[in-house]
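Undergrad: Here you go, one structure.
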Amino acid sequence: MRLGVNVDHVATVRQARRTFEPSPVFAALIAQQAGADQITLHLREDRRHIQDRDLELIKELITIPVNLEMAPTEEMREIALRVKPDRITLVPERREEITTEGGLDVVSLKEKLKEYLKPIKEAGIEVSLFIEAQKEQIDASVEVGADAIEIHTGRYANLWNEHRFEEAKEELNRIKEAAIYAKEKGLKVYAGHGLTYHNVKDFVRELKGYVEELNIGHSIVANAVIFGFERAVKEMLNLIKT
């Protein structure tokens, strides 16, 4: 599996004091040097962590793919078309949430997304949709022209963290079924949300060969505070690639 390192929470620490450090751009460069396959960042509408300039600099300086997570708004589309990340991942956003709480409801947004995504696809940017492991959401993702889906792993992560291992295994089976179905429909399959150094091993063991890439941020940044960013990235890479 590939590893996309999400640098949002490096920016969270910086924005706590509205200062210039730590820099998510430097973190992205270190992650790249450590062997990360991709840099992921979420430019939220409220700019609570990543700022526009972070995105611009990361796209300019990083040589591995850049994955921009964003809400399906006109402002974000304009930014994506200007900066041209390698991939955009559409996610739902609510201002009161601490982090993204669930998948995008592609079924209800289907007609809007068909039109919304056209210029992005014409610009040669890969389109991924962050969704729940549900067949109806996968079918809708195909209909709107997505190239890929990213399956929301939050429920699995929460169950594992609460030591509800049997339920966590059932959730892994549900994710696996969704991944198989999505691949049959011609979609690339990624996954992420809530994955940590502790719960990722079971995920990789069960989903290797079905999921191509994991996007992980908070756990890596949390460990980087103690052990350093390069070591934190390398240790996660060791867990998902062996």
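Positions of Cβ are set from backbone N, Cα and C atoms, glycine also.
Pasting the relevant annotations from Swiss-Prot:
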ACT_SITE  H42  active site, proton acceptor
ACT_SITE  E69  active site, proton acceptor
ACT_SITE  H193  active site, proton donor
BINDING   N6, R17, G194, G217, H218  3-amino-2-oxopropyl phosphate binding site
BINDING   D8, H9, R44, H49, T99  1-deoxy-D-xylulose 5-phosphate binding site
SITE      E150  site 'Transition state stabilizer'
Undergrad: If you compare CA-to-CA distances from R17 (3-amino-2-oxopropyl phosphate binding site) to each of the binding-site residues D8, H9, H49, which comes out shortest?
TA: H49
Undergrad: For the recorded positions R17, H42, R44, H49, H218, which Cβ has the most other Cβ atoms within 10 Å, all shown protein chains included?
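TA: Of the recorded positions R17, H42, R44, H49, H218, the most buried by Cβ count within 10 Å is H42.
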Undergrad: From the Cα of H193 (active site, proton donor) across to the Cα of H49 (1-deoxy-D-xylulose 5-phosphate binding site), what is the distance in angstrom?
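TA: Cα-Cα, rounded: 17 Å.
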Undergrad: If you count the other Cβ atoms within 10 Å of each Cβ, which of the recorded positions D8, E150 comes out on top?
TA: E150
Undergrad: In angstrom units, rounded to an integer, how far apart are the Cα atoms of G217 (3-amino-2-oxopropyl phosphate binding site) and H42 (active site, proton acceptor)?
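TA: Given the Cα positions, G217 (3-amino-2-oxopropyl phosphate binding site) is 11 Å from H42 (active site, proton acceptor).
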Undergrad: Out of E69, H193, G194, give those recorded positions positioned within 10 angstroms of R44 (1-deoxy-D-xylulose 5-phosphate binding site), comparing C-alpha atoms, in sequence order.
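TA: Correct set: E69.
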Undergrad: Fewest other Cβ atoms within 10 Å: which of the binding-site residues G194, G217 wins that one? Let me know.
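TA: It is G194 that, of the binding-site residues G194, G217, has the fewest other Cβ atoms within 10 Å.
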Undergrad: Can you name the residues of this chain that are 6 or more positions from H9 (1-deoxy-D-xylulose 5-phosphate binding site) yet have a C-beta less than 8 Å from its C-beta?
TA: H49, G217, H218, V221, A222
Undergrad: Taking the Cβ of N6 (3-amino-2-oxopropyl phosphate binding site) as the centre, count every other Cβ atom within 10 Å, in any protein chain shown.
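TA: Counting Cβ neighbours of N6 (3-amino-2-oxopropyl phosphate binding site) within 10 Å gives 27.
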Undergrad: Rounded to a whole number, how many Å is the Cα of H193 (active site, proton donor) away from the Cα of E69 (active site, proton acceptor)?
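TA: Between the alpha carbons of H193 (active site, proton donor) and E69 (active site, proton acceptor) there are 12 Å.
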Undergrad: Going by DSSP, is G194 (3-amino-2-oxopropyl phosphate binding site) sitting in a helix, a strand, or coil?
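TA: The three-state answer is coil.
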Undergrad: I need the nearest neighbour of E150 (site 'Transition state stabilizer') among the recorded positions H42, E69, G194, using C-alpha distances.
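TA: Looking at Cα distances from E150 (site 'Transition state stabilizer'), the smallest one goes to E69.
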